[in-house]
């Protein structure tokens, strides 16, 4: 992660709405920027910025430094009258041109600071209207006449300056903090509006080495050339050599070069006796000549740096190079179109796009991803409407398929569909309850004194007593060939939970560990359920029903019933003694049933197992499970 530290702005850096040129009296030091001043015209006071004097000091005949009261002078007025625009004075026009010359064209912010009475938007707009859009470009129209009262013009200028001064300074910018920014997430540089790897990043390789020579097409031969330009001088010399070719070179010499000495080219003028002067025999060059890059010989003998004249572009070479530029321009336009799509759609806001995708379902996200190629063909608003319509179409298609499925099932009205959904939900819950109840072989099966309506559908057809057939609904008949005399096969119980590494396991007894493993409950939650039931049982004085226990513990009701039965069997809840006492105090008829319903606890059958298998015994009450 890149951490940048930026110094806070100093108060001196805040924009001050004053003109860039400040004038003050050289005698008393008063400000003369917005008033008439006297400028000394004597050559003795002219060097530098000259001498500026305020009218009171000039009338008093003040003398200071080299200035004398008898020197020539000029009166400098404030040119606050319009010449090109009704609300721009001549002084502002001069400051505008001077600001462009000093600050650079296009640097409107610095130019506005130089003028001092205009904003950068006003400066740019005025320059484009007066100079760029002028019919006499590049010169503005000079025959404009404005009938503006000078007093009103100055009053408007003062109000404008006051408004600029009253504008609060821009707030200080806080330095960037060390957090993941948008440029770190997507390789984007917000200040430059560029990416670390642009689209078609190799497009510049096509024209990076492209050079143009002299183009004589499209009135290129009428362009005025600078005679001091090196290319122009080289081309003129080349044309002169073509008109007056040099004599053929001597053997062993290269034109424009010296003779070949030991395989090295060099210019060695011959001596008087015809021998070649060696390096030692030549007069040494002065240090100034070496520093300036000139030789100590005559000017005609100086060998200038050989500059190859730029080639003249033929029609074929010019067409080829222009084709390369056109190809590059097309690739750049494609890159800009891709950027425009990203900027208009807000694709750079990574978190916003991620949150928007999370709100949609997986099917909707797939549809939106398939629609992305169409974003380049539409505006941002049109694409959003198009995507919403396609998603709505997919929703309608899904609903139509659901209705067709209901029609195949024979459901024709909305009421039939609602009833079908309700029955389907009940059937699903019934199957889930059947899976939760164990078979008769389970050691901790529920001991209920009355018939359980949830087990009524499990009773085999014709395999029960007449009394139970009359009290319960008729079970579904078995298919031919199925086994008789036994209940339906219940789904296998889930695998017991492995509690070997569970915390608080040492706080449970062996029976409790088996119960938690079968119910797939961890020891700590079981201890909480156990403590809740035992405390509530003690607080109510032993009058706690099974249904109330289910409301106290917010877990699966079947698991709550299993824990209730286990606590009763282990003696934590003394429900049997309460039932026996209520049975002894009540009468032997229907009052016995009402007493057992108050307690809501199961009663164990005191008969042995052999007598229970002979037939069902009359039950005193029905469990309120």
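Quick reminder: no glycine exception, Cβ is built from N, Cα and C everywhere.
Record features (TrEMBL):
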DOMAIN    20-81  domain 'ZZ-type'
DOMAIN    83-135  domain 'SANT'
DOMAIN    88-135  domain 'HTH myb-type'
DOMAIN    88-131  domain 'Myb-like'
REGION    237-308  region 'Disordered'
REGION    426-495  region 'Disordered'
COMPBIAS  433-442  compositional bias 'Basic and acidic residues'
COMPBIAS  465-476  compositional bias 'Basic and acidic residues'
DOMAIN    488-584  domain 'SWIRM'
REGION    581-625  region 'Disordered'
COMPBIAS  581-596  compositional bias 'Low complexity'
COMPBIAS  609-625  compositional bias 'Polar residues'
* Could you pull the average pLDDT for the domain 'SANT' (83-135)? => 83
* Helix, strand, coil: count each for the residues of the domain 'ZZ-type' (20-81), based on DSSP. => 6 helix, 14 strand, 42 coil
* Taking DSSP states H, G and I as helix and E and B as strand, how many residues of the domain 'SANT' (83-135) are helix, strand and coil? -> 35 helix, 5 strand, 13 coil
* What are the helix, strand and coil residue counts for the domain 'SWIRM' (488-584) according to DSSP? -> 61 helix, 0 strand, 36 coil
